[in-house]
């Protein structure tokens, strides 16, 4: 069994349901400390994080390439629906089954073994290697990567390159890498009316009727046209609530939850202003609370994307596509202190599902891609 596969199995066997790390990080830290990494645990409100760095011969003058990822996994769902216990790594039909196999314990194992092989082959490597690992990516993500980034920023630590081990591939290993993600912003809108008897609408004010024209305009709005890297910004309603459940009462208020997924072609302030303008134009009496869970980030083609492209082609023969689709990731936090952030990992078809798995034949090539990038950028 390869070193990467063995470590993947060890990590899967630890039931690290968010935010409980179950000592996965300690397992990684022990391996990294043996290589000469300086390892620092940064805990916050029950969340376990660590930052580890091994300086190259150039010290802080050299480039720093960091691997970032998460040890936490989502809950298993109904255990009886799994073909094998989710925290017992199981081989079947050329695949390794277990919660976290694809998202993202194989990537974590690949990071560690790639670093071990690289340091053994290049003991005098010029650049530096970092690890930024959290147990709060699948949860609220309020005490995880963002806390490590804040700590690093406070001490003036800057990363030059960062690979996030998210499962970005689709049909086969290496076909898709993510060089950015859209931002996410939600709004909680309450439109006020006047409650009354449904037979006497002239004595009441129906907030649903008042909201409907504005809602139609918001849904039809073209927020931007996107750009070379991002599709157009989208606005979607996630929840709409009003009424008491009775058939003869006009409700006193209507509550709407909505979400923007927005590109670098728009700004938080610009989108908020346009929403308020539409609501005001319809004369609504309302309150609106905003929540921004992530800003968009983008890494244009450059040293990191070129190195990753070359490594994937050499290892798999696949020509990767740069993409910014999907939800948010911890890359949005890391981009604050790193100009080049790219996500790359195994196929994602089974993530968060019953019987999550990874094709075993992708395990070592994934590690090899990570090692090749180290060799190209910091050897």
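Heads up, the Cβ atoms here are built off N, Cα and C, so glycines get one too.
Features as listed in Swiss-Prot:
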ACT_SITE  72  active site
ACT_SITE  137  active site, proton acceptor
BINDING   70, 103, 166  Zn(2+) 1 binding site
BINDING   103, 138, 352  Zn(2+) 2 binding site
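Overlay of Swiss-Prot annotations on the structure.
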residue : record                       : DSSP class
70      : Zn(2+) 1 binding site        : strand
103     : Zn(2+) 1 binding site        : helix
137     : active site, proton acceptor : coil
166     : Zn(2+) 1 binding site        : coil
352     : Zn(2+) 2 binding site        : coil
### Query
Which of the listed recorded positions (72, 103, 137, 138) has the least company, meaning the fewest other Cβ atoms within 10 Å of its Cβ?
138
### Query
Within 10 angstroms of the C-beta of residue 166 (Zn(2+) 1 binding site), what count of other C-beta atoms is obtained when all protein chains are considered?
28
### Query
Taking residue 103 (Zn(2+) 1 binding site) as the reference, which of 72, 137, 352 (the recorded positions) have a CA within 10 A of its CA?
72, 352
### Summary
Apart from the site residues 103, 138, 352, the 8 Å Cβ neighbourhood of the Zn(2+) 2 centroid comprises 73, 74, 100, 104, 351
### Summary
Judged by other C-beta atoms within 10 Å of its C-beta, the most isolated of the binding-site residues 70, 352 is 352
### Task
Taking only the Cα atoms, work out how far the residue listed as 'active site, proton acceptor' lies from residue 352 (Zn(2+) 2 binding site), in Å, as a whole number.
13
### Task
May I ask for the distance between residue 166 (Zn(2+) 1 binding site) and residue 138 (Zn(2+) 2 binding site), taken between their Cα atoms and rounded to an integer number of Å?
12
### Query
In the same chain, which residues outside the set 70, 103, 166 have their CB within 8 A of the centroid of the CB atoms that define the Zn(2+) 1 site?
69, 104, 107, 137, 138, 164, 165, 167, 329, 345, 351
